[in-house]
Amino acid sequence: MYILFITAERLRFKSEICRTESHVSNDSEETKGTLATMKKEIVEVKQKLGEMKGELPIPKNGWYLSTILGSNLNLSLLNKNDRYRYKEEYEKFKFSVTCAVLIIFTLALFFPSRLMDALCFFLLVWYYCTLTIREAILSINGSRIKGWWILHHYFTTVHCGITLTWHDGECYQRFRTQLLIFTLYIAVVQLFQSQYQKGCLRRLRALGQRHSMDITMIPICISFFLIACGNSVTLLMVFIHKWKQSGLYATSLGFTTKYRSKSISKLG
């Protein structure tokens, strides 16, 4: 009830701001000053309403958390200090597990073993499953985590699970080294990102400011997509090589040759 009231008030203030902006260009300088003051006050009230909304209990946990943890568990973080500590623990968790990933994957790279590989990808499955739960809790408590970021972690969990059960054959061995190096690269990027996010949290707590990460991440994103394209090409080459060795390729090639020769003889 209170959340609906606060949401309605925020929408009303938003419409007031838009109406104020539409009148500014047509009025005198004195009126413009008055409207600017009113606009500033409206923005301040809107911010206070947002803070009040963040301190209210959460009505629902969402389908994901309700499925995993149950719908009767209260996951509300009702004050700023609790939310800040939980975000800080979230960043510490990412940093510590990423360091463990770096160590274990480096050992797997230099000491190849299917058991070591299984341990590596089991760690990733557990890590991303835990990460999605923590991010869902942050999201329902007002954190500005983008939906595509959480969705990406869902897909990564599935991908790591598939890799964990991948048969240790020729295809796996041909792609193994490249996959481990790619995972190490992602871990290094996550370490830098984690340090950046910790700095953002400190600035947000001390100054109430946050800074954009777009320019910092552009070169890293470009290199990430280039390496991902290289992984796709390698997987395609492995698939084509394996398909050519299979009986299906020989059978399809035989049928193609057979029917092509028949069509040529009929035309002749």
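The backbone N, Cα and C atoms fix where each Cβ goes, glycine too.
Remember, it's a predicted structure, so these values are computed and weren't measured experimentally.
Copied from TrEMBL, the annotated features are:
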TRANSMEM  93-112  transmembrane segment
TRANSMEM  118-137  transmembrane segment
TRANSMEM  149-167  transmembrane segment
TRANSMEM  179-196  transmembrane segment
TRANSMEM  217-240  transmembrane segment
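When Cβ-Cβ distances under 8 Å to the transmembrane segment (179-196) are tallied for each of 93-112, 118-137, 149-167, the top count falls to 93-112. Same-chain residues lying 6 or more positions outside the transmembrane segment (93-112) and placing a CB less than 8 Å from one of its CB atoms are 119-120, 123-124, 127, 130-131, 134, 176-177, 180-181, 183-184, 187-188, 190-191, 194-195, 198.
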